[in-house]
């Protein structure tokens with residue numbers, strides 16, 4: 001009897017333990033399942049970057065460029081400063097990226113720390129993260145090759161700087177005209193914000209050009225037609241390789257996965273000195289108290305870190321006119337309605353995106369229908385059209401690529417079938433003579449047989 | 001009949017074995033023996049006949065089961081997978097959905113209207129068998145039904161062969177024909193268990209239609225003609241080979257008309273069969289209005305009208321007593337009808353109402369046509385002209401018995417034997433043009449050979465028996481004059497007859513048993529491997545099974561997104577859709593040459609050009625077959641020249657000489673530079689690799705099966721940063 005009770009007791013005990021264990025494991029499961037949300041890098045829901053790794057050549061940059069960094073911090077970014085050759089440097093741990101963005105303010109670094117190299121940086125970009133690369137006259141091969149991989153070629157001459165004898169920035173001391181006051185901005189409100197940048201941007205650094213084979217890179221700030229790239233301290237022996245407005249001072253590239261990259265040949269552009277100083281273009285009489293650098297850099301980083309110009313298209317729906325359920329297949333000549341919702345990220349929330357140029361294609365190897373979508377101003381776009389008289393596997397395609405915006409590329413496959421055997425018109429008016437003829441023949445044959453057989 | 005052959009009898013007398021003579025005798029002997037053992041013999045004979053037929057029926061079924069016993073109950077080859085998939089669809093969704101099925105998983109992105117582009121006979125047959133079994137509470141899976149449909153119909157064919165043989169010769173020939181066709185390799189090649197293809201039921205339908213038509217011609221009965229029209233309908237629903245029927249029968253009728261064998265029986269049989277058969281055939285969506293619109297069917301229509309003219313002339317002749325007047329009338333009528341017919345045909349063809357002959361039809365009449373004009377037809381190995389060895393392989397002694405049988409047929413010409421002679425000769429010609437048409441020739445060859453065997457053996461045994469009889473009845477009295485004449489004949493050749501007959505009988509027996517052994521050997525060794533699973537002998541003589549195809553398809557099914565598109569050479573299309581359940585770009589239904597050429601073009605271009613094509617077709621995976629490791633010979637590099645030819649037929653950028661070295665096709669180091677750099681070469685390299693360490697820029701390897709036979713590559717998305 002006692003034995004039995006003891007047994008039941010242990011049994012109960014173990015049951016209690018099991019229950020506790022279960023609770024524990026459930027909570028662990030919960031945490032694990034939440035983990036991706038807690039530490040997701042480039043979430044679909046809020047595309048703005050949060051954690052940014054800044055790699056520096058030495059920590060003195062932290063103070064000399066403090067305005068730039070503090071403006072980032074005030075916008076809510078977590079900045080993590082590391083020396084570029086820090087041996088413990090790592091972008092990812094256990095396959096998860098630790099950062100959403102990378103700022104390379106280390107132009108002279110020849111090698112990064114152990115776990116970081118060219119391929120790692122490119123992988124970082126290819127998995128959808130953003131990158132800012134700033135070079136200067138001491139730019140290393142590593143930095144140049146990163147730029148090359150992103151479709152931008154720095155001037156090969158290591159001692160060359162951008163020189164402009166016409167649009168240089170006027171300063172007290174007569175310099176070698178390498179400090180340029182550039183104001184040839186890209187015409188895009190999305191990239192540079194709605195407020196016009198009045199003052200020129202001070203730039204001192206090396207030139208680069210966009211690789212013609214790359215269709216994704218853009219010049220955001222170009223040099224004036226009188227600029228060229230050469231060594232300012234030596235005499236020009238041969239014509240400079242890069243001249244005029246082919247020289248790009250600041251370029252951006254939006255990769256196909258919407259990772260954004262900014263490349264500039266001037267690290268000084270971000271410095272406190274350039275932010276603070278006044279500027280006067282040698283060609284114009286207006287003298288600005290403050291250079292355009294701060295506004296330019298702030299607006300551009302907003303774009304780079306997805307605070308602006310990030311679109312998403314969701315809820316692609318389609319159905320037959322007058323129905324609500326989405327069919328698995330359409331029939332030729334069906335009338336259908338197509339919906340898609342497009343939102344723009346404002347930095348904090350998704351706002352309806354309003355435009356009148358979004359189009360949908362009904363596509364099978366080539367577009368059969370191309371319709372402009374009409375919007376209800378609340379993000380919902382819609383249109384109606386008739387399925388063409390061609391069967392096959394079609395796609396609804398929304399390809400929306402506008403300057404500065406993330407490219408939207410949606411496709412939804414839908415087969416289109418021909419008529420079923422019983423969907424054709426059964427009796428056609430024009431065919432009545434044929435119906436009449438066949439019935440008349442039948443009747444005639446019957447009568448004839450009857451007469452022939454019994455008329456004797 | 002005998003009366004007709006009587007005069008020949010006289011001339012054939014000197015020959016030791018003369019068939020009509022012996023037939024004549026046999027009739028006499030039959031009547032004689034029936035006198036003494038009347039009922040008993042009849043019953044015995046019936047019993048023997050039925051039991052032989054039963055045995056043949058069972059034999060035909062079980063000899064086709066090698067593959068099931070050796071491997072497993074599965075579908076073979078390529079096309080049967082499509083048939084299986086459609087049958088599955090039919091049993092699951094019902095007939096109307098099947099009829100209207102638009103398949104979006106093949107021929108991406110064009111899709112294929114399955115219901116309107118297949119011959120539904122096979123699927124409907126299998127589904128009906130399945131439903132019947134289900135109704136009888138047999139819980140079978142549709143796959144088992146599909147696997148065993150072909151053997152079942154092969155068994156039925158033997159029965160039809162028996163009746164056909166009986167119709168054209170006698171029941172002995174029928175029995176021999178049934179036995180021959182039951183194990184003939186030419187037929188087994190397309191009807192082993194698992195070979196779930198149209199031909200499986202179509203040969204049955206073909207022979208059935210022919211039998212019923214001959215029966216209708218012999219009897220002149222509307223009912224038989226109607227039955228043959230329905231047989232024709234079944235044939236049309238089952239196989240594109242029905243074109244053979246609709247051309248052979250008019251040809252036969254023409255021959256009868258020319259040889260002056262026109263009769264009312266023929267008129268009834270042909271008209272009823274043609275008109276009803278045509279109307280019924282139009283119910284098959286795939287055939288549609290071809291009977292009135294396509295050039296291939298015009299012969300039948302022409303003969304139909306000719307029959308009416310004949311009938312009309314007969315009637316006029318009956319009304320007009322004046323022969324001269326009739327001659328004039330005949331001339332006018334014939335000129336007029338021929339003129340009208342020619343004009344109608346010319347206008348129809350010119351206006352496009354009557355479509356010209358298709359390439360396949362041309363290539364039958366001119367074997368070199370396909371090679372020059374339509375590489376896609378020529379690329380199929382079973383469309384190649386037949387080698388002599390395969391005739392021997394598929395027919396064995398039938399090849400020698402066939403002419404002998406023709407001889408017997410000519411000896412005893414009748415409407416029925418003329419038919420079988422024409423069937424045999426035309427189908428033999430077609431079998432020479434295309435390997436696969438050996439199948440169509442097989443029943444004719446079996447029937448004609450059966451006539452030879454049956455007639456010879458019958459004659460020989462009669463000789464033996466007759467002698468005994470003569471010995472026995474020599475003392476007996478009361479023998480008619482006919483008897484004495486035959487006795488005289490026997491006496492004339494007595495010294496050699498007995499031994500010669502025994503020797504010949506033994507020889508025939510030896511040959512036939514050799515035939516049976518050959519057939520069994522061929523069936524077991526050559527025709528029972530399911531090609532989707534490869535078997536080879538290992539180093540120690542043990543059997544090694546390469547199940548790479550199914551492994552690859554299973555991988556596709558499990559590891560790729562459901563809407564992934566797979567590009568492969570079209571051979572594997574059906575299997576990928578049926579087993580891998582993934583969308584394919586091209587498959588074995590080669591209805592769109594341009595689309596196949598696009599794939600051929602992609603396979604034979606440089607990788608970057610191919611990438612463009614693959615992007616435009618939304619290809620996600622590329623599947624290639626690689627024989628380099630296992631020495632599997634029918635891999636994609638083997639088929640490569642066809643890809644080049646087919647691709648080059650539509651896209652002139654692809655030129656065959658670019659891939660050849662001094663007119664030779666080489667895959668090793670000596671291969672041409674274009675060859676070495678094209679996509680296909682990267683995918684499926686030969687054994688001696690001419691270009692090692694291939695690096696792929698736009699593709700990455702996704703999966704390779706355990707024996708490296710199937711390799712699947714994933715098409716990379718466009719470069720992220722460029």
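From the backbone N, Cα and C atoms, a Cβ is placed for every residue, glycine too.
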B:87-105, B:372-390, B:391-409, B:448-466 - the range that TrEMBL marks as transmembrane segment:
B:391-409
Feature transmembrane segment in TrEMBL, mapped to one of the ranges B:113-133, B:470-490:
B:113-133
Using a cut-off of under 8 Å between C-beta atoms, tell me which stretch among B:145-165, B:266-286, B:416-432 contacts the transmembrane segment (B:201-227) the most.
B:266-286
Between the stretches B:46-66, B:113-133, B:171-189, B:266-286, B:298-316, which one has more Cβ pairs under 8 Å with the transmembrane segment (B:239-259) than any other?
B:298-316
Please give the sequence-distant neighbours of the transmembrane segment (B:171-189): residues at least 6 beyond its ends with Cβ less than 8 Å from one of its Cβ atoms.
49, 52-53, 56-57, 59-60, 63-64, 154-155, 157-159, 161-165, 203, 393-396, 398, 438-439, 441-443, 445-447, 449-451, 453-455, 457-458, 515-516, 518-520, 522-523, 526-527
Sort out the residues at least 6 away from either end of the transmembrane segment (B:266-286), same chain, that have Cβ-Cβ distances under 8 Å to it, and list them.
99, 115-120, 213, 216-217, 220-222, 224-226, 228-230, 232-233, 236-237, 242, 246, 249, 253, 256, 292, 300, 303-304, 307, 310-311, 415
Would you say the transmembrane segment (B:298-316) and the transmembrane segment (B:46-66) are touching, if the rule is that at least three C-beta pairs must lie under 8 angstroms and be 6 or more residues apart?
no
Do at least three C-beta pairs under 8 angstroms join the transmembrane segment (B:391-409) to the transmembrane segment (B:298-316), pairs 6 or more apart in sequence?
no
What does the DSSP secondary structure composition of the domain 'STT3/PglB/AglB core' (B:565-623) look like, as residue counts for helix, strand and coil?
32 helix, 9 strand, 18 coil
